[in-house]
Each structure stands twice: as C-alpha cells, then as structure tokens.
Amino acid sequence: MKRLFFACLAVLAWASVGHAEGPLQDILQEHRALIEKPSRKTISPAIDDIAASGLDQAQRMLQAWEAKNLWQRTEDGLFYIGTTSGDALTLIDVDTGEELPETDKSAADQLKPNAGVRRLISSALVQFQLSDPNETRRLEALESIARRPEESHLAPLQASIEGEENRAIRARKERLVKLLSIAFADTPQAQIEAIEGVSGDLNLEVRAALNPLLATTRKVSDVIPAGENVAHVMRLGEDISRDEAYAALVEAGYATKRLTPAAIKDILAANIVDGQVGGVPVADLDTPEARDEAYRALAAAGTVPPFVSAEEVDEKLRTHVIYDAYNEPNGDVTKAAQSALKAIDLNVGLNQAADLGLDALSLASIYFLAAIGLAITFGVMGVINMAHGEFIMMGAYTGYVVQQVIPNHTLSLVVALPLAFVITFAAGVAMERLVIRKLYHRPLETLLATFGISIALQQLAKNIFGTQARPLTAPGWLDGAWVLNDVVSISYIRIAIFVLALCFLFLFLFIMKKTRLGLETRAVTQNPRMASSMGINPDKVNMLTFGLGSGIAGIAGVAIGLFAKVTSELGNDYIVQSFMTVVVGGVGNIWGTLAGAAMIGTLQKGIEWLNPSNTLAAQTFMIIFIIIFIQFRPRGIVALKGRAAGD
Amino acid sequence: MGKSFLKNHPTMLVFLALLALFTLAITVFSEAYGSGLVSTSFVKTLGKTLCLCLVAIAMDVIWGYAGILSLGHFAFFGLGGYMIGMWLMYERTKEVVLRSLENQTIPPTETEISDAIATQIFGVVGSSDFPLIWSFAHSLTLQLILVVAVPGILALIFGWLAFRSRVTGVYLSILTQAMTLALALYLFQNDSGLRGNNGLSGLQNLPHVTAPQSEISMWFLWASAAALGFGYVFFTMMLSGKFGMVVKGIRDNEQRVRFLGYEVEHYKLFLFTVTAIVAAVAGALYYPQAGIINPAEIMPIASIYLAVWVAIGGRGRLYGAVIGAAFVSLLSTWFTGGQAPDIPLGFYTISWVDWWQVLLGVSFVLVTLYAPKGIGGLFDLLKRKEVQK
C-alpha cells in the first residue's frame, strides 16, 4: 500500500517536475547534504532511512554506494548509479533501474564514502541479504555475521527469522541471534537468558562469544571501589610474585620505581670517587648488602634517585590491593557466563576424554600392528628377532618404491601391500634358514645374531635410500578426518589402521586355529620331536611360520609408513615398544598382545595428556611403568598356564 | 692368595705386562713426553679405547661369566660421563665467567656469578637457572662420589626389581634395553637438566689446568690404563674363588644353584651393581677425553655394540673382552674415519664410511654362528696345538 502510494507520488512528481524522481531519490534528496559529505558519525540517519524504506531498489543502491558506484549529477544534484567505460559514463536511475543516455564523466561527481561509512552501509545491507531469495546468499550473510559479529546485526537478524522457510538456515539464524544477544542484548536479563540458552554447547563459536564477557583488566587500588565487578583479588606469593605486584603498583602510579640490581650496579660504577662509592671501598662491593649500603649513602647525599628499601616495598604492598576486574560491569552476567563456561568445560572435558580414548585406540592399533608379526615369531615360536623393526622398515620402503613406479596412490597401495608381504616373507625365510635355524635353543645368541642383521639392514637401507625421510603418501580418500564435533575427531588414516589391525587379528586367529599350518605350528612349538614323529616337518613349519610373521611385519610397515616418516631408522622406533607389547601382554597369546597394545597405547596417551608438551617424557614414564608392571605380572597380562607355559 | 693367586692367573700377569709396555711405549712416542711419533689425537683415541676395554670387561663379567646379557651397561657408562661432565663444565664455565667479570669496576656478587654460569651453560635450552641436580656440581669430590653412586643406585634398584621377579634370559635383555631407552629419551628432553640433546661439551678442557692438550691426553691415558689394569685384577680376584664358581654355576644352570641353597638373586644383583659402577668409572674417564657427551651416546644401540665387542673378542675370558673392544672400536674408528681405502668395483665404489656397519653386522652374525668363542677362541686352538706337540 505504502509502495503504491509512493509510486503514485513518483508518477505525480514525474508529471509535475518533468524529470526522474522516485521514492528512493526523494529519501536521498532529503539527506542530500549528509550523503554529499558523509562521515561515520553523521551518516547513520540517512542509511537508516534508506534501509527502513523497505524499497527493493534500496539494496541495489546501497550496494552501489558501498562499491563507490554512486554518482551525483552536477546539474540538478540527483543521485544515480553509474558505470564508466573510459571517459563515458552511463547513469542508471536509482528507482527504476532505467539507463540514461551515455554522458561524459564531468557531468557527475562520484561519491567516495570512507571505510567507516562503507562499514555502516554494509551492515545495513545485511538485512537485505538475510531475506534474499537466494539461499546461498543468505548463508553467506550469516557466515559473515558469525565471523564479525556487530551490535547492528542483531535487530535485522531477529527480524529475518520470521520469514525464514529453510529450516537449517532458520536454526542457524536462531543460533546466531543467541550468540549476538550474549554480547549485545539491550538488557542484562536478555543477556543472561541467552547465556543460559547455550550452556554446555560444545561449539567453538559459543566459547568465542562467552569469553569476551569474562575478559578482565588488572587494577590496583587502596580499596576496591564499590560497583566494581571483581573477578579475583590477587594474593601475594600465590597468584602474583612480590616483584610483579610491586611493578603493578609502580605502573599504576602508587609507588616509585625500584631500581634493579643491575641498574644499582651501573649507578654505583658511575659514582666511584677515589676508589670508594658512598664511603664503601669498591673492592667490598661484592655482596648485595654492601651495594645497598653504598647506594643508600649516595641517595642520602642526593646524587641519585632515592632508594626504595625492602620494608617500603612491603608497606606499599600491604596497603594496596591488586585485583582483576571484569570489563563487563554487571555481576550477574559474568556469573551466568562463568557457570555456562563451566558447564561447557565439563562437556568439553568429557568429549576430550572420548577423543583421548580414540587417540589411545589408534595408537594401540599401531602398536598392535607393529607387534603382531612379533607375536608370531617371538610369541609363538619363541625366536627373538631384533631385526623385526627392520622388516617393518623394509615394508615401508617397499611402499615408497612402488609409489615411485605407480603414481596412482590407491593402486600403488593395493600393489604395495602384497608385495611388501612377499618381500619380507622371503627375507624372513632366508633369515630363518641361514641364521636362526642354527641357533634354536640359544635365545641370547639369536638375539645377538639378529642384532647383527638389524645393524646391517639399517645401514644397507641408509646406503640405498639416503638418510633423509622418504614420503609415502596416503591416497586422497584417506586424507581428512572424521569430525564428530568441535572436540572429537579422528583422521581416516587412523581408522584405516585400526581396521587393518582388526583384520590382522582375525587373520592370525584364523591361521592359528583353522589352518593346517597353524595346527602344525602349534604342534611344533609344543613338542618338536613328537610333532616330527607325527609326520610334520618341523624345519619347514618353522620356516613358514617365521616367514609369515616377517611378512605381516612388512605389511605393517606399509601402514606405518603412511603416517610416519620413512627412514632407515623407522624400525628402531618400534622395536622396543613391540617387544614390550608382546612381553606385557603375555608371550604366546594373541589376546595378550592385543591387551598389551591396548595398555601401552592408553598409557602413553594418558601420560601425554597429563603432560602434553612432552612426548619424550611420556615414553620414558611408560617404559618405567612397564618395568614396574612386570614386577607384578612377570608373565604378562594374559599368562599361559600349565604345560603351554613351557619351560 | 698371594703367590698362588698370581701363579694361577698367568694370563693376568701377561696382560698387565702388555698393558704396562703399551703405556710406556705410547709415553715414549708421545708428543708431550717423547719423540712425537704418536699424535695427540691418536693418544686420545687410544686412551678412549682403554676405557672401552674397561667397560667391556665389566660387560664380560655380567654376560660372559654370569650369563646376564645386559643391554644397559653403556647407559651406566654414559651416566658416569655425565656426572663427571657436570663438574668439568661447571668449573670450566666458572673460570671463563670469572675471567670475563674481572675487568668490571664493581666486583661481582656470588649470585651474579652463579647466574652468569647458569646462563652460559643452560642458555642453549632456554633456561638460566641451575636445576636441582646440579647442586653438587661445584665440588669435585661430591661429583666423583656421584659418578659411583648414581649408576650404582640405579643398577641396584633396577636389578632388584628385575631379579626379584625372576626376569631372566632374553626378557631381561629386553627389559634392560627398555631401561636404557627410557634413560636416553629422558635425557633428550630439554628440561632434563642436562642440556637435552646438546649434551655436555667442552669436557676436554680441565679447569685450573694450563697444561696443553698433549699433556692432558697423556695423563688420561695413564689414568685409563691404570683403571683398566686395576679393573682387570679386581675382576680376576673376584671371580677366581668360590664366588666365581657360584657365578659360573648361575650362568650354566641357575635353577640348580638355587636348589643348592645359594641366594642366586643376591649374587646377580651384586654383580650387576658392581659392573655398573665399573662401567660408570670407565665412562667418567672416557668422556673427558672425548670432550662431549650427549644422550645419543647412550641409546640402546651403544649397549648392543658393547655386547658385539665382547662377543667378537670372546666371552667368558677377560682378555677376550679387552681384545674385542680394542679391535672392533679401533677398526671402527679406522673405517668410519675415512682412512680405509675404498674399493672400486667398476660399477660401484664401496666406500667404507657407508659399508662398515654392514660389514660389522654381517661379521657379527658370522661370529655368533661359526665362532661363538670369538677371537679368544684362537688362543684355545694355539694351546691345544701346544698340548698336542
């Protein structure tokens, strides 16, 4: 109705005056002086009127104005949207959008509002964008508000909720209104209400909105003034050191600056007279007391700034109070914000614990993966293979080499996994035949000989691939992470490793319990002579079993290479942990290895959580814990009983 | 004992004579006191080798005689080095700091001196305070006590825990390896108080001593030789009587010795601790000659090399350990120092700097497989031939 009225008016005006005028132009003309010389402080009424007009064309006009495309024709002072090409200028009517014939640039003045004014214009534009028919536009507007929330956004945002039909956008709007009202609501009650509405919310935006409310400023005073919203009164020696407190007093102008020992020393050095300073011989100035005395003498003579004694410092500190005050004056608001944050912290803590659990699980699966080959060779066969880590390394390098040949990461991974198995299987079989077979029942010798192999293999890898880390890139579909909320997330690669570890667990169980090889392996480990008299060839079985354990280590190497750097020392990082996993879990039992990996993984993550800055310390403490743990369960978590325990 | 002891151990006498002869020869040919045929850097290498021989006989006692393959004795060696290194570094830095403060018009206070020393030492790890463990660094006597006490107590606690729960064989090896790794990782931290992976450096400069390095290196060579000789005699005496029999019995059949009524754990714990202390003393003599110690030195691989030396030299005989340590470590210096001639194969040149480790690893496997007695086994062959004649 209003529009119609203006339209009629416009037609009338057109008819009567004879040139372009419309409702918007009228508003612009009304504020002509303001618009011609805009300043951030004075322009608001003009922008408000334009925005409040509810005219569709207002948005286009404001956008043009913001983009410095608004022109004022010199002859009659009317405003147009202008586009230039060279010196030619095309003016467009702000109301009708009609193009006027091309004129020369000199016929009009370009309006160039400054940054402050443009910001006001853009926040006025927000209300148009918020009800824009295009959904992406609306979402963009919401995102820009979320990024830089301002008080002026609140009202248009609230107004736009009613007309919103898209449910997701509507929810987002309601949420933003809440966040904005936390900071900008008119009354404390509204603020508190908004704060209580977000209590326990995990979203980072919520925390970002609440935190500014709790910002504090450190203040110094004789007594705390009434009406101050005090966050915390500093206690000397607990919250604040004496020196810091005194420095705060000095900064606030309540005390005179105290000279540092170094400054006193400089002053003393500058005031040496006849080998004496203030009557004290220079040679005696090697204690703080003597220096204070000398300085005091100088200060008494008036040559240097007065001396502030320790007693004076104490006195000043006693008579003054240092406290943190909230910038937000209303105590109820800060209290509500605090309890909301507390609820959020609790919730975040719970989620962090879940996240930590996921981390621990993934670390455990890595350890399990590294140790499962060892669970076969060491756990089942009782062969201690210190070159196990090098088999892992070989697997990782196989993955790297395959990736050099096959550029497609997915395909190369598909090729690398079996190839790594084949290569390390062969290496394991060779090692068993050439070295380990000759050393059965001499475990310490086996340990040493395999150490020799480990040293040789490591250096060999160094000679071939160099000392720098080689990349083994995961395929694209393993990038990224599965994000549950702003706290809990786990990268896909770790999920993949977890799945792989599970596969291996079942593979191991299947081979050991359901296949001929597994049966023969168990028979040979329990009683090789009896087994051989049953027609089993123990040499062959040992060879194959050892090869199997080594091959699994190779596959684990490919998986580990995907997230760790592939160097010749890769095996070193895992060998001790792998043995620990097997020993802690209980030798000869795959479930024990699983339990060992879970325990070590959880433990390490737990210690890291207690002392996040230091993963080295976590490993140290974990190893110490394991050493102590073995005191209580020398045979591991899952100890074999009876005959199966051997020895 | 007395005469019969000496008579019963002819190899000890031969060894001591050879050691004395060697020391004398080096002195005669040294730069400091002799013709200058042997360079100072080589004197240092030889002095260090003597220390390695000392830790090797400690390793031989615990492994070759008692059958405990400890992969932690080089950690004790390193700890000994750290303990003496703290004093060396503190005193040396103090000397430097005092000299630099001498020219100031106002004499420095004690706090200023200690602050300056702390900043000098711990600046690299971003700290300027002395950690608590440096409380005794100012006193040589206390720090020398710590050389023995810290590794000794660590070995005592660890050994007590391990032997008490009857961890034996490879399990004990793995456990000692884990202990070594834990210690090394701990020292790698910047806030361990021992300068993280920078380690302690400048240890070759003895504080308050103006003598040139050529003389200092000779002193250390003498000290190392004396320590080696003393250690050799000490272990020979210790293992010669009934005690030695029990120890060997434990190696061969622990269960049986236990059933005979011996407290096996006590014997093991005693040996473990004593050898750890000897290793620490060797380390305390080694690192002032090496000049620098850092946590990488005590990573488990070093302890494994120690076992390699003893295995190659021949377990269960002290001179075997000495031969193995001297032979392999000198050979290793020769190969990795780039002095060994490269072998051109036409399509590829074997550069020993790269291939020495491969050679060492492979020969170690071969020794374990085919010559379990090591180089010392050659002496057996000689002896048998003599008997046959």
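Every residue gets a Cβ built from N, Cα and C, even glycine.
Taken straight from TrEMBL:
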| type | residues | note |
| --- | --- | --- |
| TRANSMEM | B:46-66 | transmembrane segment |
| TRANSMEM | B:73-90 | transmembrane segment |
| TRANSMEM | B:140-163 | transmembrane segment |
| TRANSMEM | B:170-188 | transmembrane segment |
| TRANSMEM | B:219-246 | transmembrane segment |
| TRANSMEM | B:267-286 | transmembrane segment |
| TRANSMEM | B:292-311 | transmembrane segment |
| TRANSMEM | B:318-335 | transmembrane segment |
| TRANSMEM | B:355-379 | transmembrane segment |
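The transmembrane segment (B:140-163) makes contact with the transmembrane segment (B:267-286): 3 or more of their CB pairs lie within 8 A, with pairs spaced 6 or more apart in sequence. Beyond the transmembrane segment (B:170-188), the same-chain residues lying 6 or more positions past its ends with a Cβ under 8 Å from any Cβ of the stretch are 68-72, 74-75, 79, 82, 158, 162, 194, 196-197, 295-296, 298-300, 303-304.
Between the transmembrane segment (B:219-246) and the transmembrane segment (B:46-66) there are at least 3 Cβ pairs closer than 8 Å, counting only pairs 6 or more residues apart in sequence, which means the two stretches are in contact. The transmembrane segment (B:46-66) makes contact with the transmembrane segment (B:267-286), as judged by at least three Cβ pairs under 8 Å among residues 6 or more apart in sequence. Among the listed stretches B:73-90, B:318-335, B:355-379, the one sharing the most Cβ pairs under 8 Å with the transmembrane segment (B:292-311) is B:73-90. Long-range contacts of the transmembrane segment (B:73-90) within the same chain, counting only residues at least 6 positions beyond its ends with a Cβ under 8 Å from a Cβ of the stretch, are 55, 58-59, 62, 117, 121, 133-134, 137-140, 143-144, 146-147, 150-151, 154-155, 179-180, 183-184, 187, 194, 200-203, 205-207, 275-277, 279-284, 286-288, 290, 293, 295, 297-298, 302-303, 305-306. Counting residues 6+ beyond its ends, the transmembrane segment (B:318-335) has Cβ neighbours under 8 Å at 11-12, 15, 45, 48-49, 52-53, 55-57, 59-61, 64, 228, 232, 235-236, 305-306, 308-312, 352-353, 356, 359-360, 373-376 in the same chain.
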